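Before any comments, here is the structure.
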Amino acid sequence: MKLIIGVITLFPQMFDALKSGVIGRALKQDRLTLSFWNPRDYATDPHRTVDDRPYGGGPGMVMKFEPLALALKAAKAQLGENTKVIHLTPQGKLLTQAIVREKIHASPLILLAGRYEGIDERLIEAEVDEEWSIGDYILSGGELPAMVLIDAMTRLLPGVLGHKDSASQDSFTAGLLDYLHYTRPEKIADRPVPSVLLSGDHEAISRWRLKQSLGRTWQRRQDLIKRRSLSENEQRLLDEFFEESS
């Protein structure tokens, strides 16, 4: 599987940070291809203008239709006319791990990173297939959300992570938060590693990890538990967690 992503952005240099770590490894392995189109390169006036004042008044500027439309046209000429366009915006649907798993199979994708007060709505109506948000807060532009999405999708590519089970055991992959992690030394001050992790009993370790995952999810994200239909074993482990924590 190869992930092909195009990005429409005024600041392609921001994405240089992706050349490190997991994403950098995927790029070197040719498991991931990133391409960029800057709307400013498609502005037709001498000042290469990409924004203008909003109709109806108000603060800030709005990204213009024409440069974005031409940038998207160039991107689709390279990636394919039917390539889906994803607009990163606080008004979008909340991005979840389930969506990431689904959309990795929709490659190639074009990510549209807006700036200023937003994008002319006519561009969104004409060109955008879906709108996604990474949370209920405001950033200066769509570049960071685009990088979040690229990172989340790249992690799911087979062979990109150091261990084959790393992605499958991440938080949210099974609809739960991650279990607790420990490494050497065995004891720090008065805080030892839980003895079960030193036992070598893989079944007991798996049981403990699931119990901690269920308990942590209940403590921090009860909405995830309520959306999940717990098995008898999971309910029993969650009850044990409550008893041990009381």
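Every residue number used here counts from 1 along the chain in the order it is shown.
Cβ from N, Cα, C; glycine included.
From a predicted model like this one, the values you see are computed outputs, not experimental measurements.
As written in Swiss-Prot, here are the features:
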BINDING   Gly114, Ile134, Gly135, Asp136, Tyr137, Ile138, Leu139  S-adenosyl-L-methionine binding site
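What Swiss-Prot annotates, mapped onto the structure for a quick look.
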residue	record	DSSP class
Gly114	S-adenosyl-L-methionine binding site	coil
Ile134	S-adenosyl-L-methionine binding site	coil
Leu139	S-adenosyl-L-methionine binding site	coil
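Non-local contacts of Gly135 (S-adenosyl-L-methionine binding site) by the CB criterion (under 8 A, 6+ apart in sequence, same chain) comprise Leu94. The record assigns Gly114, Ile134, Gly135, Asp136, Tyr137, Ile138, Leu139 to the S-adenosyl-L-methionine site; their largest pairwise CA distance measures 16 Å. Comparing the binding-site residues Asp136, Leu139 by how many other C-beta atoms lie within 10 angstroms of each C-beta, the top residue is Leu139.
Note: Ile138 (S-adenosyl-L-methionine binding site) has non-local neighbours Pro90, i.e. same-chain residues 6+ apart with C-beta under 8 A of its own C-beta.
Sequence-distant neighbours of Tyr137 (S-adenosyl-L-methionine binding site) (same chain, 6+ residues apart, CB-CB distance under 8 A): Pro90.
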